[in-house]
Amino acid sequence: MHAGPTGTGTAGSAKIKFERLVAYSTLQLPLAMAALPVVLNVSHFYGELLKVPLELMGAIFIFARIVDAVQDPVIGLISDRFTHRGPRGRLTFVALMIPVLAAGFLMLFAPPQAWHERQTVMAIWLIAALLLVHLGYSGVSISYHSHGAELTDDYNERTKVTVGREVFGLLGMTIAVVMPTALTALLGEGRGYMLLGLLFIPVVILFAAPTLLGSGPSVHPPVVHGNRSPFFAFFAPLKNRLFRRLLLIFIVNGSALGVAVTVMLFYVEHVLQGTKLQAGIILLVYFVTGAASVPMWLLLSRRISKMAAWFVGMLLTAVAMGLAIFIGPGDFYWFLGISVITGIGLGADYGLPPSILADIINAPEGGETRGKTGTYFGLWALATKLATAIGAAGSLPVSALLGFDPARGRYGTFALVVVYVVVPVVIKIAAALLAWFIHVEPDRGSVREEFRRKA
């Protein structure tokens, strides 16, 4: 159990200074910069340039995510152990894992050129690189997000921490959109992606330094797991019914984004018949709009509730994405308008769920798991990657089954319309229905009950 009570002292409820908030938030930029290309560009790079078959790539993604899923709870438990090193103990673990992340990212986008024509070797290289980058990313993100959840015990201050972090995250995603597009256009895909891997190293050092040196301390005491076996300690947060419900909605909702992002470049190239520059512009608009919309979702969550605001974002995205069914060759500007609306919905997806999680971690419903932040975020990271894996691993084989597989010279656009438009819309609606009926937030009702109360 936790070594002491949380959320009752003045330190825990005091407002976080702006400079401390910014210092904490900066690390999310390189994290997002690393995460998006792994989902967005890897399938295109290894599928189009290196000609790894999509079915094989889908199997590789599934395997890598299974390994990732197993390691995340373990990393969460290790992060909790580091709390005994002081109020910034989790950041020590972050510093240890940053070199692993940088090495894995470089390996992923800079495979030896002499092996580019050898599909089997490239498939093995892809497996090894994914395992390394996932290990580094999990080690950094789980401990980093856990530290953020412990910076304050105030309901609205937690949202500020999450929003500040995710603003930098969406800026990082914007960079992750612009850099690959610009570098591959100037240098070609092989050299462009290699330079992307190299440039990530100074970026992560530059933006990790403020977090490691200037972030505020945790207001929570060290976590004590007792004498339970590690297996039970890993999954103890699943006893919390609110956490289980949040995970369900989060995984369903996140899989929609995983599906869309995985085939997005294929969709722009073959359905819109757009250029790589246009694909970059679409993604840039999408993520910039997402970053700009985060404060709006913060304000809305204060008026209704965090879950209710997230529900509105889900519906907004589903409606806008549904309009893409009417998009065809040359409809770049129409699709750009859709990207603005879905980008606004993205702000809700990134800004609100982690804040809801921070509330749940310290709520009385958690029982003996209350305050075990690292363990919660270990399972949260597992859920995040599970959602992405469902999208990535499912979308590629289904696209191939329906007639789209570049490795075999098959370019059926119907498959891309189904996978990129229809499937994500259905998934988003399902997630919104779950959010409407299920009670998730501590001290609040379901979204349906909250809207009735406000009426």
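In case you wondered, yes, glycine gets a Cβ from its N, Cα and C as well.
All annotation found in TrEMBL is predicted automatically rather than curated by experts.
Per TrEMBL, the feature transmembrane segment maps to 21-40 (among others). With a cut-off of 8 Å between Cβ atoms, the residues of this chain six or more beyond the transmembrane segment (21-40) that come close are 94, 101, 105, 108-109, 130, 133, 137, 140-141, 144, 147-148, 151, 160-161, 164-173, 175-177, 179-180, 196, 200, 203-204, 207-208, 210-216, 258, 261-262, 264-265, 283, 388, 392.
Residues annotated as transmembrane segment in TrEMBL: 52-70 (among others).
Residues annotated as transmembrane segment in TrEMBL: 91-110 (among others). Distant neighbours of the transmembrane segment (91-110): 27, 34, 37-38, 41-42, 45, 78-79, 82, 85, 125-126, 128-137, 139-140, 143-144, 147, 193-194, 196-198, 200-201, 204-205, 208, 211-212, 215; these residues of the same chain sit at least 6 beyond its ends, with a Cβ under 8 Å from one of its Cβ atoms.
The annotation transmembrane segment is assigned in TrEMBL to 122-146 (among others).
Annotation source TrEMBL lists transmembrane segment at 167-187 (among others). Here the transmembrane segment (167-187) has long-range neighbours at 25-37, 40-41, 193, 195-196, 199, 203, 207, 276-277, 279-280, 283-284, 286-288, 290-291, 294, 346-347, 350, meaning same-chain residues at least 6 beyond its ends whose C-beta is under 8 angstroms from one of its own.
Per TrEMBL, the feature transmembrane segment maps to 193-213 (among others).
The feature transmembrane segment is assigned by TrEMBL to 246-267 (among others).
The transmembrane segment annotation in TrEMBL covers 279-300 (among others).
Residues annotated as transmembrane segment in TrEMBL: 307-327 (among others).
Per TrEMBL, the feature transmembrane segment maps to 333-352 (among others). Long-range contacts of the transmembrane segment (333-352) within its own chain (CB-CB distance under 8 A, at least 6 residues past either end) are made by residues 159, 162-163, 166, 169-170, 253-254, 257, 268, 272, 281-283, 285-294, 296-298, 301, 306-307, 309-310, 312-314, 316-317, 319-321, 323-324, 327.
If you look up TrEMBL, you'll see 373-394 (among others) marked as transmembrane segment.
Summarising the annotation, TrEMBL assigns transmembrane segment to 414-438 (among others).
The stretch from 193-213, 246-267, 279-300, 373-394, 414-438 with the most CB pairs below 8 A to the transmembrane segment (122-146) is 373-394. Same-chain neighbours of the transmembrane segment (246-267): 36, 39-41, 43-44, 279, 283, 314, 317, 321, 346, 349, 353, 356-357, 360, 379-380, 383-384, 386-392, 394-396, 399, 404, 406, 416-417, 419-420, 423-425, 427-428, 430-431, 434-435, 438, 440, counting only residues six or more beyond its ends whose CB sits under 8 Å from a CB of the stretch.
If you look at the transmembrane segment (193-213), the same-chain residues 6 or more away from its ends with a CB under 8 A from one of its CBs are 22-27, 29-30, 33-34, 37, 41, 45, 91, 94-95, 98, 101-102, 105-110, 144, 168, 175, 179-180, 183-184, 187. Distant neighbours of the transmembrane segment (373-394): 39, 43, 58-59, 61-62, 65, 68-69, 72-80, 82-83, 90, 134, 138, 141-143, 145-146, 149-150, 220, 223, 225, 233-238, 243, 247, 250-262, 354, 357, 360-361; these residues of the same chain sit at least 6 beyond its ends, with a Cβ under 8 Å from one of its Cβ atoms.
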